[in-house]
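Asks: The annotation phosphoenolpyruvate binding site is assigned in Swiss-Prot to K22, N23 on the grounds of sequence analysis. Marked as UDP-N-acetyl-alpha-D-glucosamine binding site by Swiss-Prot: R93, D307, I329. Annotation comment: Swiss-Prot describes C117 as active site, proton donor. Look at Swiss-Prot and you will find C117 tagged as 2-(S-cysteinyl)pyruvic acid O-phosphothioketal.
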Amino acid sequence: MDKLTIQASPPLAGDVIISGAKNAALPILMAGVLAETDFVVSNVPNLRDVSTSCKLLRCLGAEVTELGDGQIRISTTNLNEFCAPYDLVKTMRASILILGPLLARYGTADVSLPGGCAIGARPVNLHLHGLEMMGAKIEVKEGYIKARVDGRLKGAHIFMDMVSVGATENLLMAAALADGETVIENAAREPEVIDLANCLIAMGAKITGVGSATLRIQGVERLQGCEYRVMPDRIETGSFLVAAAVTRGRIRCLKADPASLESVIAKLEDAGAKITTGEDWIELDMEGKRPKAVNIKTAPYPGFPTDMQAQFCVLNALAQGTATITETIFENRFMHVPELIRMGATMELEGNTCIIQGIESLSGAQVMATDLRASASLVIAGLVADGKTIVDRIYHLDRGYEHIEQKFQGLGAHVERVQ
């Protein structure tokens, strides 16, 4: 199994090109099932979860062609299977996003209950309740969600009990082909949801309220393929910016989307970073200074993203002062904390809050990645730890970061992948 070995590195310096957003690419690939003609997606990152999505589409009978340079073409002409099997779904929670498109276009879908990162329950009941309101008959048995509808799904007024990105995306895709108007209230407003909505509109869907908490979808009878470019990955961008801040460096993130990162940029500025932005780039200059501690509370967009929480744990571990980080989205999302403590960090957990006392330096250690963003935080910690850090189980990292060691090497970091 691959590992990353990391030696204490100089301040990061230079330019890094940001990949397409995993969390936008996955639902957009699933949306290919809705299109009657060829659908071409570009700026798709080369990641394990993307490969799993392509395998899933092929398993359903879709023709998936990787055209190179981050382009994927999907043709559903021969799609004739309607079951997403356990062996694929168990490795990636986003497989649940095939449910809405299959049901809306073909009237039938069997999807194994999902797996993915081990961060909390993340129940699928919001997805199922919304589809039932649209007329689907759903039963969960033998580990599978079995959904059926006679004819088309029907438009419905759906109020989401809690903000859920995945459920918003699933219902948005299903509603695009439903009969009549669907209103989704308390919808997720994340940039990746906006990206999916814009993609569906490019296919011919009628959606208003994009980017707000109330989405209105006027169902159409058919959707056509289109060419669509996936947005830049705001979490990858944020991870590199934090790494630069922690190493007291200066970097530019190119092909980025500053507008999607306002809450993260604000916290980095609070920590003492000088940040400049253009239309598609962000520059961070720490000017050689030690970061200042910043309090964080995660929240649905436009609040501070839960996917950046672990990286800010590392920043605060090395900052001047004491800070608290409160996680409100997922339970069980501080699994990186015991690993950072092994590296010398002064941290204490109280319920869903981590209290962090900043110290001058960390020590290299052998640590274990437990989920995707936790593993990124351990890599960042390794860049500034004395001695050698070995990060085990980096298959988690490969689920969400494209060419991570090469990108860090390009900024001057001492990071290597070993077998």
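Numbers run from 1 along the shown chain.
Cβ from N, Cα, C; glycine included.
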Asks: Where among the binding-site residues K22, R93 do you find the Cβ with the fewest other Cβ atoms within 10 Å?
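Replies: Across K22, R93, these binding-site residues, the one with fewest Cβ atoms within 10 Å is R93.
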Asks: For K22 (phosphoenolpyruvate binding site) and I329 (UDP-N-acetyl-alpha-D-glucosamine binding site), what Cα-Cα distance in Å is obtained after rounding to a whole number?
Replies: 19
Asks: Same chain only, sequence gap of 6 or more: which residues have a CB within under 8 Å of the CB of I329 (UDP-N-acetyl-alpha-D-glucosamine binding site)?
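Replies: Residues satisfying the criterion: T298, A299, P300, T306.
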Asks: By a simple count, how many Cβ atoms lie within 10 Å of the Cβ of D307 (UDP-N-acetyl-alpha-D-glucosamine binding site), its own Cβ left out?
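Replies: D307 (UDP-N-acetyl-alpha-D-glucosamine binding site): 22 neighbouring Cβ atoms within 10 Å.
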Asks: Using only the Cα atoms of R93, D307, I329, which the record gives as binding UDP-N-acetyl-alpha-D-glucosamine, return the largest interatomic distance in Å, rounded to a whole number.
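Replies: Looking at R93, D307, I329 as a set, their Cα atoms extend up to 16 Å apart.
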Asks: Please report how many Å separate the Cα atom of D307 (UDP-N-acetyl-alpha-D-glucosamine binding site) from that of N23 (phosphoenolpyruvate binding site), as a whole number.
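Replies: Per the Cα atoms, D307 (UDP-N-acetyl-alpha-D-glucosamine binding site) and N23 (phosphoenolpyruvate binding site) stand 11 Å apart.
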Asks: Cα-Cα, whole number of Å: R93 (UDP-N-acetyl-alpha-D-glucosamine binding site) versus N23 (phosphoenolpyruvate binding site)?
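Replies: Here the two Cα atoms lie 11 Å apart.
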Asks: If you draw a 10 Å sphere on the Cβ of N23 (phosphoenolpyruvate binding site), how many other Cβ atoms land inside?
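Replies: The answer is 24.
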